[in-house]
């Protein structure tokens, strides 16, 4: 790969691994901005449940692709990729590339590997019909139509399930047969975080999310939008919604959120090890190791 290509740094890892903290430290040291690659942080008002960087943190370091749309306006992978590539192209001209931070594997791959998602626009009427069928039925439909996609998408992930079905019904072909790739105009250095005490960190963060007002945020979102909104069924929000509906108490919700998050982190680990090849940062103080790897990559 030509050394003349600019270096794009990606910081990846499972949820609660410490990406936000390290990203802020790296951004301040290197005087770079951050490009968000967390699919839920794209949405306005979903702050507590996604552990979105605080307003103070966003003032310290410029963040791109946060708060793009309302939660009832889904963003496809293709739309995310187009928005991200516009920012990257501008920063490339300025010779000040941001670095990618997030745990949404497919979104990362779209930027680091030049993944080309199918150009199928959202179809609100179809999504409404699929929503009426229920997520369990939708995932069964996907298993029949595109078994490969179904094996990669969690049974509870309504947004990605509907998107995969949308592509199948619009084109007559599985989404997994239509995702090509083309080399991006940059070199990529992937740094991975996967601390040994991740389970403990997940438990602590989940408790903190509820202390920070996850139930209150969910109640506000459910009043502003339909409580059947797919994003309100995702980890954390789904359990908080059940507290509001009287189906769970707070302690049960925390326990269930913790368990679902641990299961999600396991899937993230599997994805990153199969689809990416990061330098896994070791030790309790990854900043110095990350800086050394970045400086070596810039040479």
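Keep in mind that glycine also has a Cβ here, set from the backbone N, Cα and C atoms.
Residue 19 (ATP binding site) falls within a helix when secondary structure is assigned with DSSP. Counting every protein chain shown, the number of other Cβ atoms lying within 10 Å of the Cβ of residue 19 (ATP binding site) is 23. For 13, 14, 15, 16, 17, 18, 19, 20, the entry in Swiss-Prot reads ATP binding site.
Residues annotated as substrate binding site in Swiss-Prot, with sequence analysis given as evidence: 15, 16, 17, 18, 19, 20.
Listed as Cβ neighbours of the region 'Interaction with substrate tRNA' (38-41) (distance under 8 Å, sequence separation of 6 or more from its ends, same chain) are residues 49-50, 52, 65-67, 75, 80, 101-104, 107, 231, 234. Residues or ranges marked as region 'Interaction with substrate tRNA' in Swiss-Prot (evidence: sequence analysis): 38-41.
Under the heading site 'Interaction with substrate tRNA', Swiss-Prot lists 104. Note on residue 104 (site 'Interaction with substrate tRNA'): other Cβ atoms within 10 Å of its Cβ, all shown chains, come to 20.
Of the chain residues outside the substrate site list 15, 16, 17, 18, 19, 20, 13, 14, 21, 51, 103, 193, 201 have their Cβ within 8 Å of the site's Cβ mean position. Between the binding-site residues 13, 14, 18, the minimum number of other C-beta atoms within 10 Å of a residue's C-beta occurs at 18.
Note: the CA-CA distance between residue 17 (ATP binding site) and residue 104 (site 'Interaction with substrate tRNA') rounds to 13 Å.
A straight line from the CA of residue 104 (site 'Interaction with substrate tRNA') to the CA of residue 20 (ATP binding site) spans 14 Å. According to DSSP, residue 14 (ATP binding site) sits in a coil region rather than a helix or strand.
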